[in-house]
Amino acid sequence: MTTDDTRPIAVLGAGSYGTALAIALARNGQRTHLWGHNPDKMVKMAEQRMNTESLPAIPFPNALIIEKVLAHTLQQAQDILIVVPSHAFADILHQIKPLLTTQHRIMWATKGLEHNTGRLLQTVATEIIGEQHPFAVLSGPTFAKELALGLPTAITLASHDAKFADEMQQRIHCSKAFRVYLNTDMIGVQLGGAIKNVIAIGAGISDGMGFGANARTALITRGLAEISRLGESLGANPKTFMGMAGLGDLVLTCTDNQSRNRRFGLALGQGKSAEQAIAEIGQVVEGFYNTKETYLLAQRQNIEMPIVEQIYQMLFCNKNANDVVTSLLERQRKKE
């Protein structure tokens, strides 16, 4: 496959994170075409040259082009970056499949597992698209607003295709603001990005109940152990979970209120229902979906994940927060 770094990158998904990645790419000199599923929103973004809904007051670089038609977007590009919620991932793959040529290469920054099954997005992509296109996943500790503002950020890009990974690292990496680390462990990078959302809900619940820094740190530490156990059972490299896509993303999401998942947990810990909390946040809370999928995956793998299990019980089985805490604290004593 020949490559052409002068061809635009197509970013599919015009929410806050997709827009932020498109801004970062364009700022780095890459011609970038951003498409979203809502044509009216895309017209507004094209006219105003910013995403006033998600990232107000951050103007688009000249190299960022807004697209309304998916087919036209893909005709321009060789490299495709998918940035949609996990529950919409399969749908966007079905939409692009008939539009793909042999030249297209596919990367995603979606963090999650397949809705209602708990399957890795890589598995979903292979099933729908096939194996004729190179795949990569982009994940790590990145809040959309900080990325869009050009504040220093580091992230992990994982792929089994070394040429694709190296070329995308060159296209994304900006020495002044955006550092990209390469990895070959797609399983570990995907799991870290998905399950940290669930642990962040737990950290938010703990803080919402006023349990303090000690409890939050314990949740983060034991949460990382749960992620690592599940990852190893699926063939992930344990070292991945100590990197940007593991520990880095977990700490960021659990400790900063820019995280929707943490804010969702805070609201739950303060006695609000899941419906009330989601309505207040007003955006997709990936961890709400990820909790069920992670629980299903852990059950299939026969891996003990007590934090994930208790958050699942709270969200989907009406268990109250106090009983969740009691269940975790009263578990059988064990070695670390």
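Just so you know, glycine gets a Cβ as well, placed from its N, Cα and C.
What Swiss-Prot says about this protein:
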- K196: active site, proton acceptor (ACT_SITE)
- S16, Y17, H37, K111, A144, R260, V284, E286: NADPH binding site (BINDING)
- K111, G140, T142, K196, D249, S259, R260, N261: sn-glycerol 3-phosphate binding site (BINDING)
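This view paints the features noted in Swiss-Prot onto the structure.
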residue	record	Cβ neighbours (10 Å)
S16	NADPH binding site	21
Y17	NADPH binding site	25
H37	NADPH binding site	16
G140	sn-glycerol 3-phosphate binding site	24
K196	active site, proton acceptor	34
D249	sn-glycerol 3-phosphate binding site	27
R260	NADPH binding site	24
N261	sn-glycerol 3-phosphate binding site	25
V284	NADPH binding site	19
E286	NADPH binding site	26
Between D249 (sn-glycerol 3-phosphate binding site) and R260 (NADPH binding site): CA-CA distance (Å):
13
Which recorded positions are spatial neighbours of Y17 (NADPH binding site) here, meaning Cα within 10 Å, out of G140, T142, K196, D249, S259, N261?
T142
In the three-state scheme derived from DSSP, which category covers E286 (NADPH binding site)?
helix
Around the Cβ of K111 (NADPH binding site), the count of other Cβ atoms that are within 10 Å:
29
Among the binding-site residues listed here (S16, H37, K111), which has the Cα closest to the Cα of G140 (sn-glycerol 3-phosphate binding site)?
K111
In whole Å, could you give the widest CA to CA gap in the sn-glycerol 3-phosphate site formed by K111, G140, T142, K196, D249, S259, R260, N261?
16
Rounded to the nearest Å - Cα separation of D249 (sn-glycerol 3-phosphate binding site) and K111 (NADPH binding site):
11
Would you count the other C-beta atoms found within 10 angstroms of the C-beta of S259 (sn-glycerol 3-phosphate binding site) for me?
23
What subset of the binding-site residues S16, H37, N261, V284 lies within 10 angstroms of K196 (active site, proton acceptor) at the C-alpha level?
N261
Roughly how many Å separate the Cα of A144 (NADPH binding site) from that of S259 (sn-glycerol 3-phosphate binding site), to the nearest whole number?
10
